[in-house]
Amino acid sequence: MSVVTSGRYTFPNYNLVFFIFLQLGLHSVEGVWPLPQSITSSPERYPLNPQAFYFTYGSQSAAQEGCSVLDEAFKRYFSLIFPDYSSGRFYSEVKFLQWKNENTLSVSAGQAYLKAETVWGALRGLETFSQLVYQEDFGSYYVNKTEIEDFPRFQFRGILLDTSRHYLPVQAILKTLDAMAFSKFNVFHWHIVDDPSFPYQSRTFPDLSAKGAFHPMTHIYTQLDVRRVISYARMRGIRVLPEFDSPGHTQSWGKGQSDLLTPCYSGSTPSGTFGPVNPILPSTYKFMATLFKEVSSVFPDSYIHLGGDEVNFSCWKSNPDVRAFMLKMGFGADFTKLEAYYMENIVNLTAALNRTSIVWQDVFDYHERHNHMLAPDLILLHIWKGVPASYEAELRAITKAGYRVLLAAPWYINHISYGQDWRNYYTVQPLNFSGTEEQKKLVIGGEVCMWGEYVDATNLTPRLWPRASAAAERLWSDEKQTSDVDKAFPRLKDFRCELLRRGIQAEPLFVGHCKHEYQGV
Amino acid sequence: GSPFVSLLLALSCCQGLHHNNIDDYVEAEPVFQASKYGSLWPLPQKVQISEVSFKLSSASFRIVDAKASSAGPSCSLLQSAYRRYYEYMFGSAKKQWGSKNNRRSDPSDLTELQVWITSPDSECDGYPSVTSDESYELTVNQPVAVLKAPTVWGALHGRIYSIYFHCQIISYFPFSKSINATIINDFPRFQHRGILLDSSRHFLPIKVILSNLETMAMNKINVFHWHIVDEQSFPYLSRTFPQLSEQGAYHPYTHVYTPADVKMVIEFARLRGIRVVPEFDTPGHTQSWGKGQKDLLTPCYSGSKPSGSFGPVNPILNTTYDFMAKFFTEISTVFPDGYIHLGGDEVDFTCWKSNPDIQKFMEQQHFGEDYSKLESFYIQKLLDIVASTKKGYLVWQEVFDNGVKLKPDTVVHVWIGGRSDKEMSNVTAAGYTTILSAPWYLDYISYGQDWQKYYKVEPLNFEGTDEQKKLVIGGEACLWGEYVDATNLTPRLWPRASAVAERLWSAKNVTDIDDAFNRLSLHRCRMVERGIPAEPLFSSYCLHEYKGV
């Protein structure tokens with residue numbers, strides 16, 4: 001297996017096979033979350049014997065033993081399915097089976113087959129299979145006869161974690177990656193730096209974290225930490241999308257990189273405070289080029305998130321050099337043009353590194369005002385603002401202009417309220433805007449955002465799960481089949497108990513209990 | 001460059017609410033600055049902190065009984081408290097690098113904290129009560145610090161760690177911690193400072209309860225109101241009526257509190273100066289009781305036939321009162337506290353109305369159509385039963401509102417929001433003692449710093465005489481369990497309940513919200529450092545982040 005370098009799954013076809021030794025029984029099927037595109041199950045059920053059960057590769061499979069992603073996944077899912085058995089045989093025997101050109105999971109007498117185009121599909125299939133297995137009170141494991149055909153509705157299903165407003169220990173990130181795989185999320189959007197702190201330890205600019213992190217030793221992500229996160233995510237079929245947000249949200253950058261930020265003026269003298277990145281200095285772009293070169297070598301994903309949101313113009317306005325530059329460039333008094341100028345430079349910079357840029361919607365909104373557009377193949381826009389009416393309008397406008405787009409606005413999960421707010425996340429209709437089929441295809445997915453003002457390792461997990469799982473089903477499953485939120489309730493309730501069983505402290509949906517309650521504190 | 005300064009900078013650059021669908025740029029919300037009171041929480045009544053500071057080293061520092069103290073080595077409550085606080089200050093003994101060293105001490109070291117219990121009866125082996133004296137005096141000076149308290153309950157509150165406010169800054173140097181010369185005179189403003197946990201809507205494993213008792217002690221909370229059973233489940237394993245939990249718990253073995261569990265909770269709480277007040281709420285909120293106790297609940301009727309569903313406790317049968325007498329006799333022996341909470345809230349009359357036997361009874365008693373009279377009839381009998389067990393009782397406000405005759409020492413628990421000040425006024429005008437919960441329903445969550453809302457409450461802000469105000473003995477933060485279980489209880493409770501804790505402990509004029517933010521930020525980091533996942537107040541960091549992921 002080669003390293004994941006892209007979100008596009010262009011690997012050769014794989015085929016792998018489970019063998020299960022079976023007897024007949026009766027039980028109804030437990031739910032799978034998110035709901036597969038097509039599932040047929042029968043009351044016929046088969047016991048699973050942990051001592052005899054194993055995963056193995058089909059003979060025609062392009063992936064064979066030695067494929068690290070699947071070898072590891074076999075181990076992981078064995079322990080998830082049989083928590084009482086910490087070790088066992090996983091893939092020692094290889095059986096021969098016909099390869100069929102379908103993405104299917106089929107459980108029938110004796111054996112179960114999982115066919116997938118890529119290892120990434122196989123990971124999703126393993127997750128589904130693990131959710132089909134259930135344990136009866138007396139301890140035996142069962143799986144019902146089942147046929148599943150499955151694929152995601154949207155290719156981008158992300159979760160944003162913010163490690164700048166609070167530092168999240170690596171362990172908390174890894175745990176989140178585990179839980180993400182359980183809900184079939186496939187992108188970890190790492191909002192790694194922002195105003196409050198700069199925890200990313202740069203090889204090229206170590207002062208950024210030495211001076212900009214909350215603490216230069218304990219509150220940073222070393223290169224090793226980052227590699228660990230990326231490889232842990234890869235094993236679970238999750239892309240790591242780093243965000244280095246500029247020109248706003250960069251207070252912490254300024255501590256370790258002098259002259260990067262714009263000096264604000266009070267009258268005719270510098271006030272001692274700093275604003276956004278200084279867009280008029282060549283040194284700024286030189287710095288950014290070097291930093292993003294490093295970032296593109298550290299993070300293998302073909303996308304980089306460049307931010308570009310919420311730029312406060314008051315500091316730029318106060319600075320006489322910036323005003324002179326505006327004049328020279330013919331921007332007049334329109335500072336959105338200056339912002340657009342800056343973003344264009346940064347986008348081109350990352351394009352030169354063979355990376356596609358993702359930017360927050362603000363960039364589109366500014367550019368739209370003066371028909372000063374970046375090419376649609378260079379950027380992807382990320383919608384974060386507003387109520388349904390306004391984000392639907394934004395979806396329409398962005399896709400009409402031919403840009404690909406990601407929707408995050410309805411899934412700001414850091415906003416909490418009393419009661420079952422997961423229902424709001426579930427009932428979102430991402431394609432509910434007026435536009436052509438072509439426009440709808442430009443919506444590549446959605447993202448759950450957990451901003452960090454009020455969240456750190458103490459409350460991240462219960463605040464994220466199972467609320468994010470509601471969005472996961474919206475992004476994976478067929479909308480018609482999953483339009484009834486009341487029908488989803490008992491399934492999500494079961495799924496959250498399964499998360500508990502797997503050690504994820506997912507909070508309750510409502511009164512009730514789980515067989516295995518959370519045993520931590 | 002002290003680390004304190006860097007913390008200050010880190011916090012002061014937080015730029016408002018990023019990405020919160022607020023188009024206008026929001027300026028920085030709270031700006032952290034060191035409080036002159038460091039991390040003291042809740043703020044003592046009187047405190048003088050000098051600039052002079054002493055070093056504390058794990059090798060030389062000891063907590064000892066003062067010679068004149070009425071509590072000695074046989075007072076296991078204090079001995080285990082000494083160990084607990086020593087470990088909080090210096091980490092567990094296993095981690096002590098210097099533990100093999102001799103007790104060498106620097107002239108500038110503080111080497112001893114002497115704990116001096118001044119009353120002839122230290123109450124060491126007793127239980128805390130509503131009248132316990134929790135006051136203490138703490139003097140930190142060289143070479144020894146002295147903690148004077150009339151009883152062990154005060155001594156628990158005066159643990160040196162609470163003035164050890166530089167811990168946030170210095171604690172990552174393994175041996176060297178410092179403490180300022182300090183004089184503290186402290187006592188609680190209110191006697192009843194409680195937290196309600198609900199173990200019926202979700203079962204709470206014992207471990208979660210214990211760890212929250214530990215956290216209550218860090219916040220000088222002194223009452224654990226254990227809302228142990230309700231509609232949804234009956235996890236209390238009764239020796240007299242074991243079928244109640246067998247049939248009524250979520251699971252008869254894994255989701256119950258055995259007598260040993262309950263004993264453990266009570267003792268764990270006692271060692272931390274916390275009372276355990278159990279609530280067995282009737283006649284409403286009792287669906288789970290009916291599963292294991294036949295004929296206890298009222299059969300509801302649909303027309304002239306029983307519908308198969310059940311309503312509140314059946315108030316017209318003698319068997320009901322026989323059951324309650326036996327049951328509360330058990331409760332009064334299992335729970336040593338002087339008070340039992342009897343509930344009495346939210347009784348739905350529709351089932352009673354539907355039942356022909358109840359209608360007949362109403363006629364016989366001349367209650368007319370007023371079912372609150374029937375409720376009062378029930379409660380009255382129940383109160384008499386409980387009074388015969390020599391226990392006092394607390395009841396939710398409806399019992400008072402319905403005009404039930406209450407013993408003079410009854411505590412009325414005000415919980416209905418909106419006009420709780422009016423209710424406080426009425427209850428105290430009638431001469432009853434009262435506790436306030438209405439503004440402190442912590443299960444209601446919202447985005448942002450809602451601790452400030454809890455902090456700004458003034459419990460005595462109602463119309464009434466000074467005599468009336470004296471009848472307010474405290475309050476409780478309630479964490480009802482609809483959306484709370486072991487997964488999210490602790491971060492949802494702390495530090496939000498800490499805001500309530502200070503309101504109930506500290507002087508009335510302690511209302512500076514900025515100073516509170518500064519102290520509470522450090523206090524929450526201290527809880528995190530002690531292994532409690534207390535959630536953050538706002539963007540910032542703790543030197544030791546939560547490791548329990």
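Even glycines carry a Cβ here, placed using N, Cα and C.
TrEMBL annotations:
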type	residues	note
SIGNAL	B:1-28	signal peptide
DOMAIN	B:40-158	domain 'Beta-hexosaminidase eukaryotic type N-terminal'
DISULFID	B:Cys75-B:Cys124	disulfide bond
DOMAIN	B:190-507	domain 'Glycoside hydrolase family 20 catalytic'
DISULFID	B:Cys300-B:Cys351	disulfide bond
ACT_SITE	B:Glu346	active site, proton donor
DISULFID	B:Cys525-B:Cys542	disulfide bond
Indicate the candidate from B:Cys124, B:Cys542 with the smallest number of other Cβ atoms within 10 Å of its Cβ, considering only these disulfide-bonded residues. B:Cys124
Within 10 Å of the Cβ of the residue listed as 'active site, proton donor', how many other Cβ atoms are there? 13
If I restrict to non-local contacts, at least six residues apart, and a C-beta distance under 8 angstroms, what lies near B:Cys300 (disulfide bond) in its own chain? B:Pro306, B:Ser307, B:Ser309, B:Phe310, B:Gly311, B:Thr350, B:Cys351, B:Ser354, B:Asn355
From recorded positions B:Glu346, B:Cys525, B:Cys542, the one whose Cα lies nearest B:Cys75 (disulfide bond): B:Cys525
Just to verify: the residue among B:Cys351, B:Cys525 with the fewest other Cβ atoms within 10 Å, which of the disulfide-bonded residues is it? B:Cys351
Sort the residues of the domain 'Beta-hexosaminidase eukaryotic type N-terminal' (B:40-158) into helix, strand and coil with DSSP and give the three counts. 28 helix, 33 strand, 58 coil
Which one is it, among the recorded positions B:Glu346, B:Cys525, B:Cys542, that lies nearest to B:Cys124 (disulfide bond) by Cα separation? B:Cys525
May I ask you to report the DSSP-based helix, strand or coil state of B:Cys300 (disulfide bond)? strand
Whole-number Å distance separating the Cα atoms of B:Cys542 (disulfide bond) and the residue listed as 'active site, proton donor' is 43
Cβ neighbour count (within 10 Å, all chains shown) around B:Cys75 (disulfide bond): 22
Using DSSP reduced to three states, classify B:Cys542 (disulfide bond) as helix, strand or coil. coil
From the Cα of B:Glu346 (active site, proton donor) across to the Cα of B:Cys525 (disulfide bond), what is the distance in angstrom? 39
